[in-house]
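Remarks on the structure that follows.
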Amino acid sequence: MISTTNLQRENHRRSADPVKKTATTILLTLIAAYFLLPLYWLLVSTTKTTQQLFNTPMLLFPSHWNLLSNWHWLNSYQHGVFWRWAINSVTYSLAAAVLGTLISAMAGYVLSMYKFKGNKAISTSILGALMVPAAALAIPTFLLVKSIGLINTYPGVILPMLLNPFGVYFMTVYIREAMPAELLDSGRVDGANDYWIFFRIGLPIINPGLVTLFLISFIGTWNNFFLPLVLLSKSQLYPLTVGLSIWVGNLNTAGTGMPLYPLIMIASFLSVIPMLILFGVLRKYITSGITMGSVKS
Amino acid sequence: MPILLLAPFVVLFAVFFIFPVLYALYLSLFVSHGGQNIFVGLQNYVQVFQDTAYWSGLLRVILYGVIQVTIMLIVALVLALLLDSDYVKGKAMFRLIYFLPYAVPGVIAAIMWGFLYAPQLDPLMSLFSAKHPLNLLAQGHVLAGIINMATWEWAGYNMTIYFASLTSIPVELYEAARLDGCSEVQTAIHVKVPMIRQTIILTVVLSIIGSLQLFNEPFVLASLTTISASYTPNMYIYNTAFSYGNFNYSAAMSVVLAVITFVASLFFLYMTSEPAPSNKKKVNRAEHPNMNGVPGEVR
């Protein structure tokens, strides 16, 4: 993919001015603080009561930790609905990522490996679809899902999420590069049918592309807000994003007049953590996905 | 051709893309009156064009887009160039940190920053002036607050794209620039930036599309401060449909927004389709119609 190796790149480095080096490092560190401090503040905040949030230094842990009582509050508040939302988020993200990736890979495989009438038309429509904002489709999608009786059901949210024009575009480009057309011919010579070739030969070859698309779809669905907000009105079915936005809306009004700050802090922190871990461990795959097409091969 | 491999996508595309587009067009031609749908032709569109709330919302997101996209992409580009220069150690760590907010759901980022903007919660805000603490939740400052949120969320994402693009430039070009006596900064401006021109254009288009769709951040902030129901076109569309139940007018507004988004993207692509005149070197004009990494994501 890249014409120059990292080693070659390093050999071409010149020794830079130490003053400039230090200045740059300080600048980059300050910017890193800008990106990290809100998350660190969130971590610190999970240990505080509302009172402590307002009265103790924002970036310091309090002298008396209330992490445990916040945790118990989270587990009992509205009968532990937070965990229901967490399960929903996992369900939606897994379903959309697994099925959506497979559907996109199958379509991308056909569009990249076969010449047929309509191929161009489908490929062009996919590119057009990428320019139409998802939000513009949300209202008619809501009415459609409602009219087929799937509003406030799992399939009603998951089915629209399976459509991933970017995924098909990604897989088409990826497969065109990763899979030699001769494989198809040699498989056919051996008497295998085209479906067998796709599942037994194609899928293992495009495995890295599948992982990338799976991760991007998983994060995208986990972070998605607008579509579930429009399609769901039953609290039991909310994903974390929608549930937490409702809590913020009830910040001062809900329950016994106790502000929900600590609850929202610990819930936000717990919603972010799985993504950060997934992201940290598998960043290479994610990077290769979002930079796809913008980097010449 | 294994038609069954293509069929699931085509069916989904027809049901959840083509049908909703046509249905929105259809809905926009009717008004609901006493449970009856009455055909009114383009009357809803006439109303949209006369709706000052809609256009002031649109102007607001355009203003937001111009400022936010400019700030964010300059920050992203400078960071990518710095990380690609000789000046820095620990590049991998910086890249990871800057890219991290991409993994944070936009709604959670909005909640986090929304709390941080409250002067009672965040002493940083009172640092600006002890007597008049800066309140980013106050009227007139909300947009600045949203600009900061979006920049925090997406600067690293764009930096990652630029950085990947920069590492694909052949080293020989740098060598040539150095022999010509270019300093590191000159190399960055005259060699690196022109080389990744196409990538920059792509990120501008994607960011414009994203900023016109602004919804999550103001929607969350509306719980913490006063934000009108028509603050952005998407908020207006959402509230018209789900607070007032007027799906027909909502559909007309979303058709207008979709057309504006589409035209704006094409216009920008057209305006920038000429090759850079000062750049005599062969520029790799990679084909990249899109690489929106966030399926279904609304900013």
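Each Cβ is built from the backbone N, Cα and C atoms, and glycine gets one as well.
Features as listed in TrEMBL:
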| type | residues | note |
| --- | --- | --- |
| DOMAIN | A:86-282 | domain 'ABC transmembrane type-1' |
| TRANSMEM | A:21-41 | transmembrane segment |
| TRANSMEM | A:85-110 | transmembrane segment |
| TRANSMEM | A:122-145 | transmembrane segment |
| TRANSMEM | A:157-175 | transmembrane segment |
| TRANSMEM | A:195-218 | transmembrane segment |
| TRANSMEM | A:260-282 | transmembrane segment |
Top Cβ-contact partner of the transmembrane segment (A:195-218) among A:21-41, A:85-110, A:122-145, A:157-175, A:260-282 (pairs under 8 Å): A:85-110
Same-chain residue ranges lying at least 6 outside the transmembrane segment (A:157-175) that approach it to Cβ under 8 Å: 92, 95-96, 99-101, 103-105, 107-109, 111-113, 123, 126-127, 129-130, 141, 145, 150, 202, 206, 209, 212-213, 217, 221, 224, 227-228, 231-232, 237, 289, 292-293
Long-range Cβ neighbours of the transmembrane segment (A:260-282) (under 8 Å; 6 or more residues past either end): 39, 42-43, 45-46, 48-50, 53, 66-67, 70-71, 73-74, 77, 82, 86, 89, 211, 215, 218-219, 222-223, 240-241, 244, 247-248, 250-252, 254
